[in-house]
Every structure is written in structure tokens, then in C-alpha cells.
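The structure appears right after this line, and notes come after that.
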């Protein structure tokens, strides 16, 4: 049966003339043991909520997964699809892409991400089991990973967190093949992997990755283990290839006709390309049906479960009916009381309204809880063996946090949010990108979002981060100007079921910019906050903490007889999605002035190359808040002076 | 003597009303042992090349370093400077900033970076010792790091690499205080750190971090060890603070008057704020002079050394006289032969000219050597205990590679370059940012720079990376269009002594765009590659692999009677630095059309909001090269059609 995987991997890579045959050929035995004996799944229902999750962290070996899906009888992965491996529009893309096939649990390829995402899935399972009981939620998470995955820093963050939390239902099959792209792992990677994972609190096993009995024994052990388990499968990359097996040559290129033929001969595989003999296909399809009984009895349990409706709602991602009522109350309160608070605190207030209303919200922070204001009352911690809580202390592991949030969102039943400083979005960008690529509802709470954080200086002051994030497709970046906009942005982030949102929030207190609590004005991305008193001669366009600075500048200009409008632009992406006439009306045809304590890069789309920009031109500096804005010339006086100068 | 550090840390944080007193108070004893007995330094000459390097990876504890520099008698860190801790322009910034004081070896603060940078310093020392001999290069690298450093993924990459390379002259003092910002490390961080580092191949020791004898014994052990050493110093954060010691409360805020007074009382420190009694100051200054003898004998050895001039040239960062002669030859060859090669291959050709000419060039790749073309002949590998080579197999450790390159550049005597795929610039962005912030000559070779990489699909196709990198202050991003521009960009990157450069290179072959080999035309960032045949009606502005596509489009438009110019724009930053009249002349006043297989974000500065942009609007897709450009509409036909449509 394993040879069927190998043969399909050889043929598909050969036909595509590109791809990675080595890993599928090496891990075919381990995957066969998993899919025939241990993985709980039913090929007839790939989205069955209580299925085991399987993550191919070494995503370059995608043909392993596609072969398995085809052989076990999943719809939508036909032999024709395999013949179109790596072609545009094929479900069998170069790397496994979430959304291309319902049984692809996550997008993998950037190394380490799959493993770290799986940690999130395993947390989600434990939490939902605590919430709904074992009769509805009781499944495992399985990962296949490579040397590359384990070399990446994110693997450390994820594995250390998983060990800490004692995620016993997580098992990693490590393809220990001693080969990486540059050659032998001895060139660069000689750490003791088993000892390292033991240090993380994992159970570990070492097996011959081509011995089904050893593999099965290790998987049985993993299932009984009270800790996450790493099974190092000693394999030969490109197993069966006559001359290239065990070398880097078989990692990332087609074998070529001779080597392919030799491999098939070595396996005793006497069939044409893409041909799987009936007997072997039948065995595989029987394996694909093995979980039917488990699924049927689960469906029965669900039908009789008192929380049936709530479970189905949660898993579907539908919000509870009254989810925004408390938030509406908080918005009324803002309008009435005009609090002068930092937007990070306003975010906490919004969360105080949302968390009790939406049980799916699971918060956390990368060891900055008190600074990023992500914890609210009624959120006990999730800790080792204790998964009923709703708050995760991720430790100083920004990247691991972001990937775990992806895993929770992908698992379903959870809406994760997590906080760190905006500067550290750099540390988790690869996982943020995957949230966007996979259209997952993950909310990033990123505070201390400018030089306004003060004394911590240039290493902590974001300058180019907003530009880099706004450039990321499908990510909504919000930079609210006060408590009201923060509440509105949170509302939009929660409502957005098909993509991630990032809130850029201040450390410093701000005067409230809004008195109205009706329409969610942030929904259009940008709007006229204050219209000019006469025909506009200038339009100030600002975001976040700079809106109140621009407000003062507007007042100065108005007093100087220059009718000036003020536009708040909390979300570039939503504003760009409005029709051109709305945008023109908001931005106007008078002199446009952008104001943001960040780099100009990206602003010319709103203000044009001839517009004035008041912001940063380089890195920040260490100094107190009251001095730092003046030091960099981001003041109401500077704005007003620049406008007066330009208007002559 | 340690109490003097504590008192100064208390006073400076108290006066600034912000900062981190806990770590300096906890690690004062370890730092005292290091600076009085082990660290080789001479406060009179902070840049002495054979000094030991000290890196405070836990940069938030910056007052520890500033107190040490002040006490040991370094110029430029006066008691007045300490009174201006965290003020604008002070050498005593919130976090240690490279360039603010000559004894600050590197900028730290973003956790994990210091440790990973130190690994690069330690590699540099070993390599230069192999090149110049032990009589000129024989020093150690010492690091103080925290729990936060060790939780970060980059610590894994760096420590695993250091263990692999057996960097025996690297010693890490780990402030094992059981406290992080959220509270006890038991909340999130329970791995066995010593076992983990043993797995990496490090020697480890555990000591009472307040016992000078234990500390000294462990440091002596580290010096003798044939491997890098981690010394876990069990400390009490905020040691001596009567109520806050051992709690998170002392980590990141001033103690307050009562707690400060209590701490001083507990220490028996009966002096006013910023007062250090003469006797203690004298002892510290004696420690600061202890290395004078070693420095003087080193100077004598240097004076008599046959490689004196070469050593001084290398350390100063000055290039050898004839460094670009071979490159000039290669440029002549390009003009004559018009090679049709990928720019990644053109980069290798440029390196073949540069590597033999500049002994300081040390190359490497994050396990993509064959793909990113960073290895050329005459570059033996640097391996465990073998440091005479010039090429580093970094493993799949992009972040660790980038930080190590920072460390090598900071150490001096090395010009590091390292390669990976452009998409993985996301994985190393925090370290790239530090290259830019610290003005270090580090060259990033980033290939597979667009959808042009083909089948590997959206996880591997950069879309927003160029925007994010171009937005980063002080980073030069080059996207050359062919072999000639690649050679020119390499020349500029090498010449640029005060900042990092990043080369964005193709996987796919390109037709050569240039026939002239005289002036380095990339030096102005952008230039007219082909002028219009008559008065311009359109200007196509393209970069990298899209220049030849635009070239074809220009031809089509010219044939259709539309005079069209073609501008190549390999470097936004250099083009932005030209005077406005040059830029206007290049870009012209006709319709501007940007062409780049990436997101539009940032392009409006050149083409304006009304310009046409032919590029990407979202993530890429898996498919072969010949299909993928057409799929996304980035073709000469599409460019020409868009221009014709706009011109009516």
C-alpha cells in the first residue's frame, strides 16, 4: 500500500517536471500506518468536526497528502487531479493550500508553520472538549514534519508551549532522514532532537520509519502518553530510488525516467503511470471508510446532546444573536462620557463587552498581558492539563502565538485574539501572512504602535510595520483614533468571518474624537470627521493617535481663515474598497495632508506624490512622550505651518 | 561593588520614572564577577580589536550596562549621562543603542537578537583567528540573557548553530530568575533549559547568581570548555528590594521612593542618589584598567606582525584597492555576450568576481545554497571547529543567519552575505531591521522573488515583501533587471559601508537589458533605459524581471505610434535620494505606468494615484512559469492594452 503512495508521487512529480518526491517516498510507510490504523477520519465527510486533524508540516512533500486523499477515496482528488499536480487551479497545488480541498486542514510550506499551527488545533480540541464534553469532542492532532521544520525557530516556540501545556493528544511524526537541501544534516544540524523535545516535556520514541510494526507500536504509545509525543522515524529519503535514495538529489526535483523506472522495479511495481491496481485501491478505500462507524455514532451522540445547537453554532463560526448588545452599550457610554484613555485600554473595554457575549473568544498575549490589555474579567487561564479557561499565556513567543491562533481558527469553534507590541508583528509576520492567505478570523491586538510609546526607543517604535502590514493582501489593519473607533474596529474584526484583522493601538492616552454612537463609521475605512467651515482649502487625513493632533491643527488653520477638513482613516483596506466617488468626496480636491507617526510609504495613494506628509522619515528615538513628538516634528504647529507655507 | 550597580540602576530608573530595575539588580553580582575578573577590556580604548565582546541580550536591563561603563571609567558615560537615562540624545537610551557609545557592541531590546548576534561575533572571532593567527585575534564573546531571550524562536536557531559549530569561546550568562512580565515563568515556560542546551551540544552549569565564588568557578569552567557554555544564574529579580524582589512588579517600572529607600537600606548603601563612594569607584576603575597590559602587549604584537596592514585594513572595513577589477571584467563580458540567465545566476557570477578580490566576504545560505547561488569556487565551508573557510551552511535558520551576519559585521573584519528566498525575508525581518538601525554592511541575497518562481505557489511567492522592505528606513532594496544591473547592484552593496543592502533576484532566466558597461547606472536608483522615439505619451517604469516584459510592451506601443519611454527602477531608495529635477526628467510628465509582479503599495510615489499599475492585487498561485504571468495579467499585451485604453 505504501508503494502506491510512492508510485503516485513519482508519477505526479515526473509529469509536472517539478516537485518533491523524496519525502513522500521516505514517509510513505509512516503515512500508511497512520491512515490505515490510527487516524480517525471518514473520507466521505472531510469536515466531520470530531475527525482527527492531520497536518503535513513539511508541505513540500504535498504529493504524500494528495496520494493519501486520492487512495482513501476522498471526492475532489481524482487521478486526473494528480495528473495536474502543480498546475493552476488544481486541488493538488505545489504545496497544500487550505481551501483547495476540504481535507487539507491548513496551508503548509513555510517551514515550521504546520507544526505550530497544529499546536493551536490541539489546544482548540482540548478547550472544546472542556466546553462541550468528550462525547462531542475527542480527537487527536497528527503532524508529519521534517528536519527543516525542527530547525526553524518557530518549532521551538510551538514545541515548548505544547510541552508546557501537556497537549497529550498531539503527535508528531518526524521524518528523520538526515538530509536537507544543502546535503547531509551533518553540515548544519547536529543537535540531539530527542533530548531537545524531552527538555520541552514531550514523550519521545525513535523507530525505523520503514518498519510498520515499530511505527504502529510508537503510535500506540503516543496515544497512551500523558504528554505530546515526538516519534523520530528514521527514514531514507527517496526510499526505493536506485541511485538517488538517501541523497539531497531526490529532495526537490523529478527523478527522471530511468531513476523512476528503477524505483518502480525495486518496489516490484509493474504498473503504468498513475495506475493503481484494483486490489490495492480497494484496501486503501476500505481504510478510508474505517471511520464511518465512529462518525455515525458521533452523529447520534450529537443529535441527543443538550448543547447540540450551541455546538453547531460555535463550529460553524456563526456569532451568538446578541453578541453586540453590550458593545453598543459601551459605545453609548463613550459618547456620553468622552473618556480620555489609550486605545489599548479602549480595546480592553471593548473586550469586556465582547468576551462575555461570545464564548468562542479565546484571548492571550505573548507575555505582555498587562501592557496590551488583552485580559478581562471572567477569563481563567488555560494551563497545563487545564483547558476550560479562555486566556492563554503564550510566553515570549509571538510567532508561536500567531500560528497557534491560526490553528484554533482552522479547527473551528474558536475565535482567537492575541496581543503583543506592534513592533513584534515583525516576529510573527509569516504566520500573519498565513492567516490572510487562509482567510481565517484571527484578531491581532498590537499596541505601543508608534514613537508615542516613548522611552523604549527605536527598537520598540514601529516605523515601517504599518506599511508592511497594509501591503499584505486580505489583512485588515485598523488604527483607531479613540475609544469609539476602537469599539467600531473591534466590531468589524469580529464580524469579518473570512479574514484576519489587526488592531494598531496606542500606549498613550488620547482625547476622544467622537460624540456620535450610531452608525459604525469605521466600516467605510475612512470618513470626514470634521468638515471645513467653508470651501475646503486643505484636507488633513490622519489615523490613530495623530487624529487629535490633526484636530488641533485644523482648529489653528480654521482660525487662520483656512477652511480645513479632517478625515479619519482607520482602515486603508476598507476605504480602498469603497467606490471612487465616496473616496473623492471624503478626500476632496483641496491640498491633502497625511498625518501618521510612521513612514510615508503607501500614503501617496491617498495624498498623491504632491501631498504633504507629516510623519517619520527614519527610525525613532528613546525619550519621554511629551518630548518625542516635538523632536520628530509631528505636531499641530508643524502641520499648520506646512499647510500655510504651501498655500502661500 | 555589585551594590553600586544596583544603586545606580535604582536611581536612574527612579529619575527617568521609567525603565527596568529588576534585571540589573538581579544580575549585578554576575556582571561584577565578569567585569572584575573575566572580561578582557580596557576602558581607555573601547574599540581595541582584540577586546572581549559583551552583549546584553536582555537589553531592557540597559542600566546594568550603563552602570558598568560608568563605574569602570569609560569616557562618554558620565554620572550626568546616567541622570539623563532614557532622555532624547542621551548615550543611556532606553535600550542599548549601537553608536550611542563606543562600548555598546550591538543594539538590543527585541528579545533573542543579542544572543543570536553574539553567535555571529563568535564566528567572526574564530574566522579571523584562523586568518590572522591567535596572536592578533584571541578573544571571547560573553552574553547576558533572560528567560524572554530563551523563549524566542531565534534563540533556538542561534544556539543550535553555535552548538553545531562548537563555538567554545561563547559564554552565555542566563538570568534564571523565574519571572517574566506576566508573572512566574511557571505560567508559560517550564521547559528544562539546561537539558535543551545540552541537546544543542553546549556545556551547561547552574549556579547561585548571587554567589561570587560559584559564578567565578562557572566562568572559569566555561573558558576551559571545548563547547559554548550556558551558565544558568539562579537570581532574584530586583534583589534587595524589600517587598518587590522576586516579583514581576520590579521588572519594568520604577521602584518608587519607599521601595528604593528600603532596597538601599537592605544593601547598607548610605549614599545619596547617583553617589558612589570614592573607595568603591576606585576599585571599579582599577577593574577598568586591568586589561591595559593585555592591550599594550597586543599592540606590540600587531606592530611586528607581517599582516599588520592587512589586518588594519580588514578591521577598518576598507576594501582592497583592486576590489572591483574582476567585476569590471565581468561587466564587459555581459555587454559583449548578452547572457540570458536568471539574476540569481548573475549574482553568482558577480560573486565569482568579488569573492577572490575581497577576503572579508563570508557567504552562506539558510539551506538553499544551490537555489540561491551563494556559493562560488574557493569558498571552503566553515564547520565545527574549522573556521578558516568562507562559507556557512546556516541550516534552515533564516532568522539566525541574519542576526549572525549582524554580529559578524559588528565584530569587524568581515563583510557577510547570506541567501534565502525573498519570501523568507519575513522570517528574518527583525534582524534585517537591526542591520538597518545599526548601519551595518550586511548583504541579503533574496531569490525566487515573485510569482516567476512558479509551481511552489502562494506560500513561496512574495507579493508584499518588497513593499515592507522598501518601507524599512536605511535599507537599500535592489531589484535588478538582468546580469548587468545585478553586477552594478552588487557593486553598490559592497561599496555601501554604512548600511545593509538586499538583492531581490529571479529564479527564471531573463534576457539581458543592457549593452553598455561603463557607468554604474543603478547608482542613481532609476534611469531611462529606452527613450521614446518622439514626445513621450507614456513612460513605463519597471523593475527586475518585469523590465523585459515592459520592453516588449514599449515596442508594441511604439509600433502602434505611441512614443513610449522605458525606465528601469532597480532601487527606490537611491532614486528617492536624487534631486527632484533628475527624477522628473526620468519619470516624465506623460502617462506613467508601473510594472512589477508585486503589490502596488508604495508605487504611487512614482506613478501617482492616477498612474496605471500592472502587477499583483492579491496572493499568487501554483503553476508553471509560462502560465502564471498570463494568469495574473502581467504581460506585454496587458500593459500595451492598458496604455492604449487610457490614451483613448
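The backbone N, Cα and C atoms fix where each Cβ goes, glycine too.
According to TrEMBL, the active site, proton donor annotation covers A:398. Cβ neighbours within 10 Å of residue A:398 (active site, proton donor), excluding its own Cβ and spanning all shown chains: 33. Secondary structure at residue A:398 (active site, proton donor), taken from DSSP and collapsed to helix, strand or coil, is helix.
Per TrEMBL, the feature substrate binding site maps to A:20, A:251, A:344, A:371, A:448, A:456, A:460, A:507. Look at residue A:371 (substrate binding site): DSSP puts it in a helix. Of all Cβ atoms in the shown protein chains, 19 besides its own fall within 10 Å of the Cβ of residue A:371 (substrate binding site).
DSSP assigns residue A:111 (thiamine diphosphate binding site) to coil in the three-state reduction, placing it in neither a helix nor a strand. Cβ environment of residue A:111 (thiamine diphosphate binding site): A:57, A:58, A:146, A:148, A:149, A:151, A:152 lie under 8 Å away, each six or more residues apart in the same chain. The annotation thiamine diphosphate binding site is assigned in TrEMBL to A:60, A:109, A:110, A:111, A:148, A:177, A:251, A:424.
A helical conformation is recorded for residue A:147 (Mg(2+) binding site) in the three-state DSSP classification. Residue A:147 (Mg(2+) binding site): 25 other CB atoms within 10 A of its CB, across all protein chains. The Mg(2+) binding site annotation in TrEMBL covers A:147, A:177, A:179.
Per TrEMBL, the feature domain 'Transketolase-like pyrimidine-binding' maps to A:341-513.
Taking a C-beta cut-off of under 8 angstroms and a sequence separation of 6 or more, residue A:20 (substrate binding site) has the following same-chain neighbours: A:13, A:60, A:61, A:62, A:63, A:251, A:252. The site 'Important for catalytic activity' feature in TrEMBL is assigned to A:20 (among others).
Other Cβ atoms within 10 Å of the Cβ of residue A:251 (substrate binding site), summed over all protein chains shown, number 22. Annotation comment: TrEMBL describes A:251 (among others) as site 'Important for catalytic activity'.
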**Asked** Out of the binding-site residues listed (A:110, A:179, A:424, A:456, A:460, A:507), which are within 10 Å of residue A:398 (active site, proton donor), Cα to Cα?
**Response** A:424
**Asked** Do you know offhand how many angstrom separate residue A:110 (thiamine diphosphate binding site) and residue A:456 (substrate binding site) by C-alpha?
**Response** 32
**Message:** Give me the long-range Cβ neighbours of residue A:344 (substrate binding site): same chain, 6+ apart, Cβ under 8 Å, in sequence order.
**Reply:** A:371, A:372, A:373, A:445, A:447, A:448, A:505, A:506, A:507
**Cβ-Cβ neighbours of residue A:456 (substrate binding site) (radius 10 Å)** = 26
**Message:** Taking only the residues in the domain 'Transketolase-like pyrimidine-binding' (A:341-513), give me the average pLDDT of this model.
**Reply:** 98
**Request:** List nothing but the one residue from A:448, A:507 whose Cβ has the fewest other Cβ atoms within 10 Å; the candidates are the binding-site residues.
**Result:** A:507
**Asked** Which ones are near residue A:147 (Mg(2+) binding site): of the binding-site residues A:109, A:424, A:456, A:460, which have a Cα within 10 Å?
**Response** none
**Asked** In terms of DSSP three-state secondary structure, what is the assignment for residue A:179 (Mg(2+) binding site)?
**Response** strand
**Item:** Cross-chain proximity of binding-site residues to B (CB under 8 Å), evaluated over A:20, A:177, A:251, A:344, A:448, A:507
**Value:** none
**Item:** Span of the thiamine diphosphate site, taken as the largest CA to CA distance across A:60, A:109, A:110, A:111, A:148, A:177, A:251, A:424 (Å, rounded to a whole number)
**Value:** 34
**Item:** Recorded substrate site residues A:20, A:251, A:344, A:371, A:448, A:456, A:460, A:507, farthest C-alpha pair in Å
**Value:** 48
